[in-house]
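As recorded in TrEMBL:
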- B:2-61: domain 'DNA replication complex GINS protein PSF2 N-terminal' (DOMAIN)
- B:65-167: domain 'GINS subunit' (DOMAIN)
Amino acid sequence: MSDGLSEDGSDINQEDEDVMTPAELIAKLEEAWLNEKFSPELLENKSEVVECVMEQLTHMEANLQRVKKGDAKASIHRMEIDRIRYVLSSYLRSRLQKIEKYFPHVLEKEKSREMGDASLLSPEEFAFAKEYYANTETYLKAMALKRMPPNLQTIDMLKAVPEPCLDSFVFLRVKERQENILVEPETDDQREYVVDLEEGSQHLMRYRTIAPLVSTGAVQLI
Amino acid sequence: MDPSEVEFIAEKEVVQIIPNFSLDKIYLIGGDLGPFNPGLPVSVPVWLALNLKQRQKCSIVPPEWMDIDKLEEMRELERKEDAFTPVPSPYYMELTKLLLNHSSDNIPKADEIRTLVKDIWDTRIAKLRLSADSFINQQEAHAKLDNLTLMEINTIRAFLLDSLNCMYKLRSNLQPGSTKGQFSDY
């Protein structure tokens, strides 16, 4: 990292300031994108990855500004940028959708978080969630609640908005072998049993059972 | 997930092309490509191959498995076995569609390949429906889905997952004294 600053990026390839290569960074973003798309609840934010990708994109775009029009390489670079930008915005959009859907629970979880724990929301998302909460509340009050009898004029958002259903089924692929995953029975006359998840195998099971494995990156939702 | 998004992911797969132009190495964010020399095969992601093909700047070398004999063998095996057989590429359906639609002049016997892949797909989807049916009938809580591709999972995802959730809600409401029974919807 020390000598990376000596020249001002004359070569596009000179951005390996992190331990991660740009290609690995993009792979991380795609992982986060698919996990976020398929998990029923909001996952931990990956603002580090998002920021690094943004940096890569702006850097590349700045370089492209200097290239003259009609350059064959530039058009290929632009196509790649567009693809990455699509993944990035689709990822952020699916997070916003979940925040809008579950905002009281998201904020509640953020509030009860221990100091030092990784934050669920990025600062921008947190601001968005708070604002969304306030706006929804004001709207409900203005449109309906103030016309209700006095004893019915309060609303508990936590009860009014359904929680994410962690018992949903998800499809997943195993990246690191896991042993003794407990599968809870569907009905009372079945018994619980354990399965081993082999590396590379694919499964269909409840999100609740494997939720911790998603956040450690041991399994990938598909 | 939208099928076009699965296709988007499949476009990251690498194919060989034979360019008819020359260009130095390109340093993309996702890795280096090239150099390109006329007549010399080079590996590129499918999205780039299709773009160059559309601009008539290259011909695409079909992947090794896109071959009548190999696909016929696969179709027979797929019909014989009860379980899903391993596929030659995790994106076999998407790649077949993309390559045949945009570059059929570079692929020998394109129409027969299309039919064969469609046959394999149909057999597999029929199996998938059957196993989804028995999964629900036996009220299983876990299923192993090896050898299924993303596109195949995606075709039953919305329907299967929603039905399972619905059944779960109905069942947990039936069980007396269950705390999980308090599902509220909009």
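Placement of Cβ uses the backbone N, Cα and C atoms for every residue, glycine included.
TrEMBL: automatically predicted annotations, no manual curation.
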Ask   = Using DSSP, what's the helix, strand and coil tally for the domain 'GINS subunit' (B:65-167)?
value = 74 helix, 3 strand, 26 coil
Query = Roughly where does the domain 'DNA replication complex GINS protein PSF2 N-terminal' (B:2-61) sit in mean pLDDT, to the nearest integer?
reply = 93
Note = DSSP composition of the domain 'DNA replication complex GINS protein PSF2 N-terminal' (B:2-61), residue counts helix/strand/coil, works out to 17 helix, 22 strand, 21 coil
